[in-house]
Amino acid sequence: MLTACPLLLFLMWVRVSCSAPLSFRIAAILDDPMECSRGERLAITLAKDSINRSTNRSTTGKLEVDIFELLRDSEYETGETMCQIVSKGVVAVLGPSASPASNSIISNICGEKEVPYVRVAPEDILKVQFPRFTTLNLRPPNTHISLAVAGLLSFFNSSTACLICAKAECLLNLERLLRQFLISKETLSVRMLDDSQDPTPLLKEIRDDKTATIIVDANATMSHIILERASELGMLSVYYTYIFTSLEFSLLRLDDVADRRVNIVGFSIFNRTHPFFQDFLLSLNRSWQENCDHAPFAGAPLSSALLYDAVHAVVSAVRQLNRSQSVGATQLSCKSSKIWEHGTSLMNYLRMVELEGLTGHIEFNSKGQRSNYALRIMQNSREGLRQIGQWHSEQGLSMERKLPSLNVTDSLFNTTLIITTILENPYVMLRQNHQELEGNDRYEGFCVDMLKELAAILKFKYRIRLVADGVYGVPGANGTWTGMVGELISRKADLAVAGLTITAEREKVIDFSKPFMTLGISIMYRVHLGRRPGYFSFLDPFSPGVWLFMLLAYLAVSCVLFLVARLTPYEWCTPHPCLKGRCNLLINQYSLGNSFWFPVGGFMQQGSTIAPRALSTRCVSGVWISLIIPFTLPSHRGWRCPSANDLSGQNQHGGSTMTFFQNSRYQTYQRMWNFMHSKQPSVFVKSTEEGIARVLNSNYAYLLESTMNEYYRQRNCNLTQIGGLLDTKGYGIGMPVGSVYRDEFDLAILKLQEDNRLEILKRKWWDGGKCPKEEDHRAKGLGMENIGGIFVVLVCGLLVAILMAVLEFVWMLRQSPGTEVSVCEEMLRELQGIVLCQDSLQLRRRRGAGPQRPRPLPLRGGGAASLSNGKLCGGLGVVPEPLVQRLAQEAGLAVRGCSHVRICPECRRFQGLRPRPPAGGRASPTPSDDSIEWEKASNSSEPE
């Protein structure tokens, strides 16, 4: 009995040892075996240690992993390595991660020996029509990557995209994506990196093509280089979207090159919620710190995580298979046709594996491809990479967060915007000491101050950069734009802040904010410069020659009028209308003095009490009036400003003003454009300063915005504006199409307008010139330096009149008989009467006679009477004595202010009297003494 017990225990140990293998072996071929590399060796070691420490180790035995190094991608060396592997007896082979030729050899040998082969490398370039049953692809297939990229393009509404390929095989890898573009109306341009591996030329072409969505198919290293070059070209901005097809998107160091505003999207297959994921990262980082100078990657490489999951997948399948049958490895030889008897069974269990690994859910379909997994869509942010959605192999794309972020103000916070502008007074100017300054401090002006106000509201930073070609922007023949508009289209700048006019043509290619200034096209012309004003400036309307001819014409008209009036009988009339037909005296109102006085009244437009009666004198008067009419019309008094209809205007080349005239349908503006376009030499200018110089130095009218016109007129008094505005438009801030900052800047500009900040800035930079405003020009009167000569002429005329009055007084006294009183005494007496305001009625003075009152004068023979104007009226016996006495009495009463006496106005103009011949043709043979005295008195009288 005692001898039977040891025998029984021995049999039980043999049975257990046969049913539970002591160990099983897995072979791993690595093409990057260095310690300071992708960490694939460490990943396999971590997976082996984790499995061997598990509690159910008794069901599988100890795991052994043999690692074989593949120094180069050679089919011969790979074949020899595989022969060594199968001779050791392994349950599975894990292939290299980056050796396409070796993968093909490994797959064929494993297929012949029916040993499972788990691939972690990308798909082969040339697909095998009948893939080996023993091969499993743990890496997601390229078809799924293409579908995920197509889903993102659809989500971003990108009808135009560009694909950058680091290698030629990307066209085969993304075949499904290319096919989708071929059957749709969308456009996909493909650009391949050359042998120099410099992406700069490709990125410049993409920028010039205005492509905003860029798909990059490259590894992590090349993807980082592409981002660096894009940053140098200013293509890392909010206007671009980058989609990386590499599943190692998390390895990109975006903090070094990428602005947080740019939309950079990629895929990740890592399951960060896995219990061992953080320990896996710590182990990799610890290994890199011990063996490397610096960490070669920013995170876990995909190949190391796939190898970790591959080990667990094989062990899980072996455990499932071991429950039904004992799995034992068989040593095979490449020279024999023997296969592994458990290979097919293990492959079937591998296709049924379902587990959660570092790369997410692991499951295979009947073709050995990975299925029922999710690609996490990652986007860069201030906090690092964040998941914004996922693409599931069965359910497709599902986004969790809309792109771009709705909180634009937060994205503007502390963000540096590139501002393109142009030097134009007073919008952007260089400071006087700009050479001593740097950055934005070198500039000043209205737009610079407005940028400071906007930056204070929206909390952003900016960097001002002058446009390279120095123009605002016009379309070229090939559809490209120049100037600031071209830089916005190519995304070289984020904003264009200058006097940039909002036009329909520009609105098609860029976006504008709300206008911050309203203006229109105006005409600038030089002020008409005459001679320096003096005391006799009122004579300037006519040249000295014209004034001389006017004087000669005045003398000629006066003499001809005197001659014609004497010749025509119709200018001789009865002195008193009441005595018409009974008085034989006739008068002629055109004495020599009146003949010279009548043209003066007509020239001064004041008229005269003398009216021509005869047709001949009226003809002379009409000719004189028709002569002086052209000299009194306002349009012929000086210089007349031209209007838009008179000008063939000129304007700045390459601006909105030129576009306005070019596209205008108004006939006048079309005529102006035709003239400007065909004029040789060209009338267009390249800058406002050049246009102003031509205005001042030649007969040139410059068409420009009213705000610029106002600014330069304030600083140059020789410039003026002609007419009003030809149109109405506004200045706005330019942005690339689809800018997410447009609404924020619109609100900020409205706030500045409501707070009156823009008006304050305008007054700051426009006011302060040395020239008065237009209103001041109109309100300012003429000074003494302009019309002082009029007062000189007035004083001289008064002195001449006083001198003539003295001479007339002396002459009258000399002609009067008697010498009792001297001339001085008579003049003193007259001055005394003037000072004392004595009665102005008196008889004809004789020397030595005292003051007398007018009295009726007897008429002997002919009769004579003193009238109310102080003159004598006489006849030759025709007028009855009572009538003569009554006329004298009426005259005396009228002078004394009797209101009941009616005096005929004709009696106040008795001049040049001559006696009418008596009826029957008989005249008095000899005139009486009274008639002789009357003739002397009447001939010496002056006109009133």
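Using N, Cα and C of the backbone, Cβ positions are placed for all residues, glycine too.
The annotation signal peptide is assigned in TrEMBL to 1-19.
Per TrEMBL, the feature L-glutamate binding site maps to Thr501, Arg506, Ser656, Thr657, Glu705.
Here the Cβ of Lys751 (site 'Interaction with the cone snail toxin Con-ikot-ikot') has 13 other Cβ atoms within 10 Å, regardless of which shown protein chain they belong to. If you look up TrEMBL, you'll see Lys751 marked as site 'Interaction with the cone snail toxin Con-ikot-ikot'.
Among the features that TrEMBL reports, region 'Disordered' is placed at 913-944.
Taken from TrEMBL, the feature compositional bias 'Low complexity' applies to 919-928.
Across the structure, Arg506 (L-glutamate binding site) and Lys751 (site 'Interaction with the cone snail toxin Con-ikot-ikot') place their CA atoms 25 angstrom apart.
There are 24 other CB atoms within 10 A of the CB of Glu705 (L-glutamate binding site), with all protein chains counted. In the shown protein chains, 25 other C-beta atoms lie within 10 A of the C-beta of Arg506 (L-glutamate binding site). Reported as a whole number, the C-alpha separation between Glu705 (L-glutamate binding site) and Lys751 (site 'Interaction with the cone snail toxin Con-ikot-ikot') equals 25 Å.
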